[in-house]
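Student: Before I ask anything, let me first share the structure, which is written out below as structure tokens.
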Amino acid sequence: MNFDNLEREDEQIAHLVQKEKERQENSIELIASENFVSKAVMEAMGSYLTNKYAEGYPSKRYYGGCHVVDEVEDLARERVKKLFGAEHANVQPHSGSQANMAVYFSILEPGDTVLGMDLSHGGHLTHGSSVNFSGRLFNFVSYGVDKETETINYETVRELALKHKPKLIVAGASAYSRIIDFKTLREIADEVGAYLMVDIAHIAGLVATGLHPSPVPYADFVTSTTHKTLRGPRGGLILCKEKFAKVLDKNIFPGIQGGPLMHIIAAKAVCFKEALEPSFKTYMEQVVKNAHVLAEALEAYGFKLVSNGTDNHLILVDLTNKDITGKDAEILLDSIGITLNKNTVPNETRSPFVTSGVRIGTPAITTRGFKEEEMKEIASIINDAIKEKDGDLEPLKARVKALCAKYPLY
């Protein structure tokens, strides 16, 4: 991209933008919630649409001059409905957290009981964490993973639902590597008269391409981000049954947001179009293949994988047998050019700022073109770095740079 105007106007910011570009180009990105957008998505984000304020919805705006952005938003809505087979879509949420908030405000009152996945077992802050608005406003009861299998035990979820009679059951996760059974969760919700909301922020790309079962036929509401496996701009979206469309839209605007970000909605529309192409399914298939190979390679080096593997794009690694914390592993690997994040593991004994594990994802490196052989090399580099954490890391930095040079970012 051309940043001539930025360089003339603000050298400091232009310099930092360039530094970040170089960091991304010369690092192996394993953060499961990150990806690299296409140039088309990036151009939409930096377009003239950023100038337009458009409170309301297409044909029902509070400002004039919205006929063009109405077309943009309609395109985004229609494309994402086609992508997921949904009855209604709202593409205005600024983030996944705000998408979840809008659903809660649509069907809950403060103090209502909600069943959601424990953050330390792979859930998300907005699924009831006490430090988040969700845990402060609503009475969340948490379910987790089985101590032995480290996967969701649906009978335990059912028992909790029968005991606490939640008004809403929340499914989905930020660090869960296995298939989620939405049909069974729908049956549990029906048994106790609860709504079902599924947060597919991490697995949206897999769901869109049929590589993970879709929650759309079963859930009352489906929320997502657009910047993870969907490979779009940072933002959120909500899908729902038509009967909830009016109340949902009201709880985005005027409920929790004002004017939508029309340049971001345009970029969402572009990413939905890209996701409808056959090449996107090929990409997502490679994401999953890469995750499987990377998981197997790490396991061969003696790393303990939570639930012993993965069905999707991410791997949760328990480092308790490697004499290193998640925090120290994150810092160590960052120093050689591999970026990932510390993460709690089931039955965690350390604080969330230290943790016993790391979370690894393959979407971003797959976007660059990395395939199975590169996964084996990445596993080898990670293993060598942790084994030689107090030694000379320069050879490992060189191996990382060699991989990055082989697959340019843009």
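Cβ atoms are placed via backbone N, Cα and C, with glycine included.
According to Swiss-Prot, the protein carries these features:
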type: BINDING; residues: Leu119, Gly123, His124, Leu125, Ser351, Pro352, Phe353; note: (6S)-5,6,7,8-tetrahydrofolate binding site
type: SITE; residues: His227; note: site 'Plays an important role in substrate specificity'
type: MOD_RES; residues: Lys228; note: N6-(pyridoxal phosphate)lysine
Student: Can you tell which of the binding-site residues (Leu119, His124, Phe353) has the fewest other C-beta atoms within 10 angstroms of its C-beta?
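Tutor: If we count Cβ atoms within 10 Å for the binding-site residues Leu119, His124, Phe353, the smallest count is at Phe353.
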Student: At the Cα level, what's the spacing in Å between Leu119 ((6S)-5,6,7,8-tetrahydrofolate binding site) and Lys228 (N6-(pyridoxal phosphate)lysine), rounded?
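Tutor: On Cα coordinates alone, these residues lie 19 Å apart.
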Student: Could you state, as a whole number of Å, the largest distance between Cα atoms of any two of Leu119, Gly123, His124, Leu125, Ser351, Pro352, Phe353, the listed (6S)-5,6,7,8-tetrahydrofolate binders?
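Tutor: Maximum Cα-Cα distance: 17 Å.
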Student: Could you tell me which of these binding-site residues, Gly123, Pro352, has the greatest number of Cβ atoms within 10 Å of its own Cβ?
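Tutor: Of the binding-site residues Gly123, Pro352, the most buried by Cβ count within 10 Å is Gly123.
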Student: Would you mind listing, in sequence order, the residues at least six apart from Leu125 ((6S)-5,6,7,8-tetrahydrofolate binding site) in the same chain with a Cβ closer than 8 Å to its Cβ?
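Tutor: Spatial neighbours, sequence-distant, of Leu125 ((6S)-5,6,7,8-tetrahydrofolate binding site): Ser97, Leu119, Val131, Asn132, Ser134.
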Student: I want to verify one value. Collapsing DSSP to three states, which class is Pro352 ((6S)-5,6,7,8-tetrahydrofolate binding site)?
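Tutor: It is coil.
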